[in-house]
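*Asks:* Below are the features I grabbed from Swiss-Prot:
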BINDING   CYS60, CYS62, CYS75, CYS78  Zn(2+) 1 binding site
BINDING   ASP535, ASP537, ASP539  Mg(2+) binding site
BINDING   CYS877, CYS954, CYS961, CYS964  Zn(2+) 2 binding site
Amino acid sequence: MLDVNVFDELRIGLATADDVRAWSHGEVKKPETINYRTLKPEKDGLFCEKIFGPTRDWECYCGKYKRVRFKGIICERCGVEVTRSKVRRERMGHIELAAPVTHIWYFKGVPSRLGYLLDLAPKDLEKVIYFAAYMITEVDDERRHTDLPSLQNEIDLERGEVAKRRDLDIEARAQRLEADLAELEAEGAKADARRKVRDSAEREMAQIRKRSDAELDRLERVWDRFKNLKVADLEGDELLYRELEQRYGSYFTGSMGAAAIQKRLETFDLDAEAEALRETIRSGKGQRKTRALKRLKVVNAFMTTTNSPLGMVLDCIPVIPPDLRPMVQLDGGRFATSDLNDLYRRVINRNNRLKRLLDLGAPEIIVNNEKRMLQEAVDALFDNGRRGRPVTGPGNRPLKSISDMLKGKQGRFRQNLLGKRVDYSGRSVIVVGPQLKLHQCGLPKQMALELFKPFVMKRLVDLNHAQNIKSAKRMVERARSVVWDVLEEVITEHPVLLNRAPTLHRLGIQAFEPQLVEGKAIHLHPLVCAAFNADFDGDQMAVHLPLSAEAQAEARILMLSSNNILKPSDGRPVTMPSQDMIIGLYHLTSDKDEALGAGRSFSSIAEAIMAFDAGGLDLNAVVKIRFTDLVPPTGFEAPEGWTEGESLLFETTLGRALFNEALPVDYPFVNGVVGKGELSVIVNDLAERYPKVEVAASLDALKEAGFSWATRSGVTIAISDVVTPSRKKEIVESYEKKAAKVQGQYEKGLITDEERRTELIDIWTQATNDVDAAMRENFPERNTVNRMVGSGARGNWMQVRQIAGMRGLVANPKGEIIPRPILSNYREGLSVVEYFIATHGARKGLADTALRTADSGYLTRRLVDVSQDVIIREEDCGTDRGLVTTIAEVGPDGVRRRSETVETGAYARTLATTVTSEDGTVLAEGGDDVGDVLISRLVEAGVDTIKVRSVLTCASRVGTCAKCYGRSLATGKLVDVGEAVGIIAAQSIGEPGTQLTMRTFHTGGVASADDITQGLPRVQELFEARTPKGEAPISEVAGRIAIDETDRTRRIVVTPDDGAEEIVYPITKRSRLLVNDGDHVAVGQQLIAGAVDPKKVLRILGPRAVQKHLVDEVQEVYRSQGVDIHDKHIEVIVRQMLRRVTVLDSGEANLLPGELAERGRFEDENRRVVSEGGTPASGRPELMGITKASLATDSWLSAASFQETTKVLTEAALSGRSDSLLGLKENVILGKLIPAGTGLPRYRNVRVEPTEEAKAELYPSFGYDEIDYLPLGTGSGEAIALEELDLGRGYEADYR
């Protein structure tokens, strides 16, 4: 087999017939598969052992040679080589075709490559290939030119002959008529009879004329056709062609079918064609030029590669190895077989029949029909259904051809190469494991034993519990008690990976140290549930076991859950205590007035705990406690004379003192009620300022405290805790009157339906808000529902409002708001009508969610594909470019504060330039990491904007550099070289995709074209760079605005400042203007509200503007849903969308006009041309949608496994494309290590040299007196048992 580690590039090309024969181990001549009685393969058939190898290891077909000792011998009786049966997976055969056939991919693909090469329309090509027309393949122009005069004379003579014959025939008939008439007259016949005779004679003469005219016409047509005959002409008229061939067959040759195409290709002059096409491109216009460009691309592909155009026509076809198209026996003695065998059988049958017909010398029409059927059989084998009706099997099911085996989710690429199943894995239901540490998980004993079986067996033998592996296996299967002890030992320090599907981001797989647990469920730490998006309502998780030392090291260092506290999308902690833990900590840290023991003082926490245990102190009572090592909270006013480090009597509650025990010793004392918000600030602070080990310990302590105090708090809900406000009735009644008044105005015709709707919606929204306010006032402070919502443990006020206040307004399935509210709440219960309108929205919500999930998954897949080769390739690209970002702004209240976009725009990046204050003090150096601390310092110093490095301005050729990317949000440190930031970006954008709403937004009113697309569809529209629906125009020039309005239409006219021709933008009457009549607009200014077309932004304002536009617009959608994603992730994707340039004029560069060139290659070519003094190429930057950009990648393997597999492979094979295996996907397909992280080439050949000290320790210097001669024996000369020496352990002979 091929070793994947010995090559760095993979090329695909066109195979010629000789290549196919060279790969083959023999010709398949018969359509038989296996003998139904003996079940052995038939000789020369599709499963023949002579061709493909033996079906049993080391055994030939006839049984003469059995056993491995005959390895490599070819049996002289049956001709089968004695070898392993697995060669049947790799040995190929071939079928020698009796007539050539074309390859359907090259003839039928869009565009038809064969058609482009030969300059034929696909339908004409089809006529030739399927025997409906003849094609002229050769014309002897010289000889024809020489002989033309004599041939002209011949044809003239023949014409004369025909005319002469006609005249003689007519004359003879006329004479006969006269004789007949004379005879009739003599007989005295009536005039009627004479007229009949005359008419009959006239008819006959007309027929003679007609016949001779047809003859002359035919001669004329044949002669004209012959005079103008040239190569590649088609002739669909069989009779005309026959005559041509009969008369002038020596001057030309023509034929039908693939043979005609093959002849054309043999004599095709690529160089001359390329030159002619270049000339057409230079001088041509419009359609001709475009077609010439497309044709040149195909011609060029053959010129620049070793591919021969003849590869598109096949003389023999390969037969793939039989184990890849197996035939298996089912229970009932019937056979199930791969569809390919049926398709191959049809080809062989037709081929054999054609051979027989040719041998018999059958008439041409029969032979041609058989050839056509052979062509169709080969088409069906390669790509069934591409032309005409697909070949069907039993039950009218189309058979799966070779193309279908590659395509789609079930095809070879995605099913077997990118989605392999993994050994050493298991899955089970998860339950919560609150007793675990953050880095642990509970693994069921049986599952652990099965997973670690080989390790346990080896250890059993090492410890002499078992004699050999076989007996160790028996022990494990019988689950002896010693096995469990060994299992405990084996699993220590051996991490396992847990994965929950769907794995939407990198935190969907994490490593844990296993702890053995009883039962069959996996125990999961409650804090990692958020990362896995797991809950315990029956979710299942998979366990994988990293085997090699490297894999274990990676799992421990990179994937251990305690090292994955931060979320890669925004760099903030993901392991947040939630629900029960929050209510517990809220209960612990709240204070109660008048509580038991309030106002007392204690000498230490221990004393306060003692008082609490004795029942003399309430947990929430405000007391004074003396602390010895208190770090005071920020803003604490210290008593006079106190210095830090001394003991201090501090006013707090016992609960808060206990809460602070869970935090690191030097963390400032938290002296306040801790709800969800406060807790998130604390955890964020811990993650930013403390090492991971301490953060994990603190989180575990918070979890313990949270659960413990939640249990002791006894928080419950009864129906009596849901209190409906007493004022609700009067509030509703007052608004009912207002609503009735509006309805009355509408019925009198004073207001329109639209106005009525809007007013009613306003009235009832206000009513709902009033009821909400009354309800909140009505809740007692220590009411449990109030505490749950107030602490952020569960639910929100909107949900409480629906239970205790009123449901309010709801929407119908179209998304319009129904102007009649639901006045009841769930505590009171809904009326039938109310219930009915409420179900609308609920049902739509469920349908939406289902659709969203699939859409979001597909978006993630496209994002991963476009960005998978963005890897950090170098430390610093050395650029000084960057993006200017705002870090502080003045709010409406006049106070300067941090800008809202700091989190996603400036945080976790690298400074591009040095920042100085107004007085010239250096506040931060270029290259510094921008963290929370630095941002706060800069804002305080009065800095408003800073310039930061960005992926968009990175100068790296491949991938991007560490400095431009900045901090890795998942680790909080500068990103490492080798990090696959493209995939992390795709996951960060795709993972929250499911949360984005599907609906297009309606503000009441009827649906209309200018509804703003929002949510997921908007994100897709942006990343696919589509022109948005209801596009808003942007001004192409700077100038003055005039708004021109008529009854029906409205348009904006811009008069440019430079006096050029004015530009008109027609817009709808409904659109909202962003400019007024007479305003001055700048270039690129948006004229009406709505979404602008990114392609226009690129054309008018340039690449930097479109980058900013795309990043801002995508962020807009995510922010509106409350999802935080860092800008850098979106920038990585946008960078990939702008990677290519369309070549406008190739100059002297080695580029084709109109081709999409990679920006780096385009610049390199131009540099080369300019250095040689030539004319460089000109191009314009191209914005490609993510699907198009994925397919335009330089890696054909990656593109083929993404979409349109056959199209990509056709194109790649024709151009002889090489895949340099730089991305991740290509390497996964080939089974190589991915070039990210430690798989980067720079780490491949690392040698670790021991230091001198290490060498000295390893080889101690001996004196003679120190040598101990006791390697075998005890020095006393007494013999020792061989078992005590570790010789041949595990290989003891079993002499029983």
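Each position is counted from 1, following the chain as shown.
Cβ coordinates are placed from backbone N, Cα and C, and glycine is handled just like the others.
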*Asks:* Can you name every residue in this chain, apart from CYS877, CYS954, CYS961, CYS964, with its Cβ inside 8 Å of the center of the Cβ atoms of the recorded Zn(2+) 2 site?
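*Replies:* Along the chain, the qualifying residues are GLU874, ASP876, THR879, ARG949, VAL951, THR953, ALA955, SER956, THR960, ALA962, LYS963, TYR965.
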*Asks:* Judged by the number of other CB atoms within 10 angstroms, which among ASP535, ASP537, ASP539 is the least packed of the binding-site residues?
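*Replies:* Each of the binding-site residues ASP535, ASP537, ASP539 was scored by Cβ atoms within 10 Å; lowest is ASP537.
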*Asks:* How many whole Å apart are the CA atoms of CYS954 (Zn(2+) 2 binding site) and ASP537 (Mg(2+) binding site)?
*Replies:* 46
*Asks:* Rounded to a whole number, how many Å is the Cα of ASP537 (Mg(2+) binding site) away from the Cα of CYS964 (Zn(2+) 2 binding site)?
*Replies:* 43
*Asks:* Report the member of CYS78, CYS877 (the binding-site residues) whose C-beta atom has the most other C-beta atoms within 10 angstroms.
*Replies:* CYS877
*Asks:* Which one is it: of the binding-site residues ASP535, ASP539, CYS961, CYS964, whose Cα lies the shortest distance from the Cα of CYS60 (Zn(2+) 1 binding site)?
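*Replies:* When the Cα distances are compared, ASP539 comes out closest.
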*Asks:* May I ask for the distance between CYS964 (Zn(2+) 2 binding site) and ASP535 (Mg(2+) binding site), taken between their Cα atoms and rounded to an integer number of Å?
*Replies:* 38
*Asks:* May I ask for the distance between CYS877 (Zn(2+) 2 binding site) and CYS62 (Zn(2+) 1 binding site), taken between their Cα atoms and rounded to an integer number of Å?
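*Replies:* One finds 68 Å between the Cα atoms of these residues.
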*Asks:* If I take the Cα of ASP535 (Mg(2+) binding site) as reference, which of the binding-site residues CYS62, CYS75, CYS78, CYS961 has the closest Cα?
*Replies:* CYS961
*Asks:* Which residues does CYS961 (Zn(2+) 2 binding site) neighbour through Cβ under 8 Å, counting only same-chain ones at least six apart?
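*Replies:* Correct list: ILE872, ARG873, GLU874, GLU875, ASP876, CYS877, CYS954, ALA955.
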*Asks:* Taking the Cβ of CYS62 (Zn(2+) 1 binding site) as the centre, count every other Cβ atom within 10 Å, in any protein chain shown.
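*Replies:* Total other Cβ atoms inside 10 Å, all chains included: 14.
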*Asks:* Measuring Cα to Cα, how many angstrom lie between ASP539 (Mg(2+) binding site) and CYS75 (Zn(2+) 1 binding site)?
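*Replies:* Per the Cα atoms, ASP539 (Mg(2+) binding site) and CYS75 (Zn(2+) 1 binding site) stand 58 Å apart.
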*Asks:* Same chain only, sequence gap of 6 or more: which residues have a CB within under 8 Å of the CB of CYS75 (Zn(2+) 1 binding site)?
*Replies:* CYS60, TYR61, CYS62, LYS64, TYR65, GLU81, VAL82
*Asks:* Determine the most Cβ-crowded residue among the binding-site residues CYS60, CYS954, CYS964, using a 10 Å radius around each Cβ and all protein chains in the structure.
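*Replies:* Ranked by Cβ atoms within 10 Å, first place goes to CYS964.
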*Asks:* Under a three-state reading of DSSP, tell me whether CYS961 (Zn(2+) 2 binding site) is helix, strand or coil.
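*Replies:* Where CYS961 (Zn(2+) 2 binding site) sits, the three-state DSSP reduction gives strand.
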*Asks:* Quick check: which same-chain residues outside CYS60, CYS62, CYS75, CYS78 lie with their CB within 8 A of the centre of the Zn(2+) 1 site CB atoms?
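*Replies:* Residues close to the Zn(2+) 1 site, other than CYS60, CYS62, CYS75, CYS78: TYR61, GLY63, LYS64, TYR65, GLU76, ARG77, GLY79, VAL80.
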